Amino acid sequence: MELRNKKLTHDEFMTERQQVLKTWETGKDVENFEDGVKYQQTIPEHKRFSLALLKADKEGKTLSQPRAGVALMDEHIELLKTLQEECDLLPSTIDAYTRLNRYEEAAVGIKKSIEAGTSKLNGLPVVNHGVAACRRLTETLQKPLQIRHGTPDARLLAEISMASGFTSYEGGGISYNIPYAKRVTLEKSIRDWQYCDRLMGMYEEHGIRINREPFGPLTGTLIPPFISHSIAIIEGLLALEQGVKSITVGYGQVGSLTQDVAAIQSLRELAHEYFQSYGYTDYELSTVFHQWMGGFPEDESKAFAIISWGAAVAGMSGATKVITKSPHEAWGIPTAAANIQGLKASRQMLNMVNEQKFPPCPAVELEIELIKSEVRAVLNKVFELGNGDIARGTVLAFEAGVLDVPFAPAACNAGKILPVRDNTGAIRVLEAGAVPLPKDILDLHHDYVAERARCEGRQPTFQMVVDDINAVSHSKLIGRP
């Protein structure tokens, strides 16, 4: 079947569902869709993700959410019980085997974790644990819960998660393929995520609003805002077509105050612009700001500075929520104590800037207009390639290099675009590849980069890019020689 941005019919969905539920033994727990609906209807309002986001947006507050997940359910429950005292929203980060649908290996990881008395997986294997165990998790905790993962084919995970009482689901057919996988085709991942979104849409039709969040940071490495914005908007459109009504579009901090504030503000405005221009009006929109996703310094004091800076910018830019980091980021998966330190530092800063939204200024306005022009140029070409169909257009756009994510592993990603910082730390385009930015915009990027090159007395080359990638872990933003 040729990929199209068209709502799956009930028969199409149910026929596919029969096969999805057979991919692991716990699929039998969710054969009765109505059972999942009835369980979701028992969840109180204070534990519903979409309501928490809606309330925060109305009140102008920025909510905090960490990342966290371990192999065994009892330990995971204890971890989240500890974290919920310091955050507004809770995660369940999924392990790497589940992300690749390698459930047998996840089962081995559970066994080894039991034997070792500590987690041997980098997340919670929800599919292996099944509905009963996961319902124990959602019933024990008192904050809204979201599944955070990185799964190109997240269909069975979605089924078990929703029937278990999670009320938000991160990811998308682009953002959980291009940065995470090498050999998964976009046709397959987008189609598999149409199933996930249709599942959420079916819950919506039964009065259950599930929040959906495309993954904004992508590779987390020098991502120009227009690239992540374009993909977030595409995934939002794909979700809306399948009946999703609560969308959170995301963005990963780049470190430039002007560009980060402009990015969050333009992301919300552009999402409304495209959603409404394509006929979607009945939806709730929120934004998420991811604290710095690149390399961290090993020194905890320096790490706290990065965490606090991210929280400050998230709050001042008006983001609905911020995904926090820990001072152990350079060392690997953080302990609960380190995670709490990151949450506390973030909350202190969020409280201090709560009434201090970043004021309008010419520099931010110029950056907003630049990002909007770039996104429109890219998305217009994507729609053109697909003859108006955003799903088909996306596949063709990646084939043509029109959509191109820096430093991504996917074979279907051109990898020709090369970003670099300008003299103020904003992310600019050094080499555009086939990304269809207008000449005047490319000239502007060239001028920004040339200004930095003159200041540093060197040519803008790949070495400058490498220096920028390593800069923050070396206590700088710009990779000066």
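Cβ coordinates are placed from backbone N, Cα and C, and glycine is handled just like the others.
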Pick from Arg17, Arg48, Arg67, Arg209: which one does Swiss-Prot list with Arg99, Arg148, His149, Glu170, Tyr176, Tyr180 for the same L-glutamate site? Arg67
Taking the Cβ of His149 (L-glutamate binding site) as reference, which residues of that chain separated by at least 6 in sequence fall under 8 Å from it? Thr93, Ile94, Thr98, Arg99, Gly123, Leu157, Glu170, Gly171, Tyr176
Which of the three DSSP-derived classes (helix, strand, coil) applies to Arg148 (L-glutamate binding site)? strand
Using DSSP, would you call Glu329 (adenosylcob(III)alamin binding site) helix, strand or coil? helix
Including all protein chains shown, what's the count of other C-beta atoms within 10 A of the C-beta of Asn122 (adenosylcob(III)alamin binding site)? 17
Listed binding-site residues Arg67, Arg148, Tyr180, filtered to Cα within 10 Å of Glu329 (adenosylcob(III)alamin binding site): none
Among the binding-site residues Tyr176, Tyr180, the one whose Cβ has the most other Cβ atoms within 10 Å is Tyr176
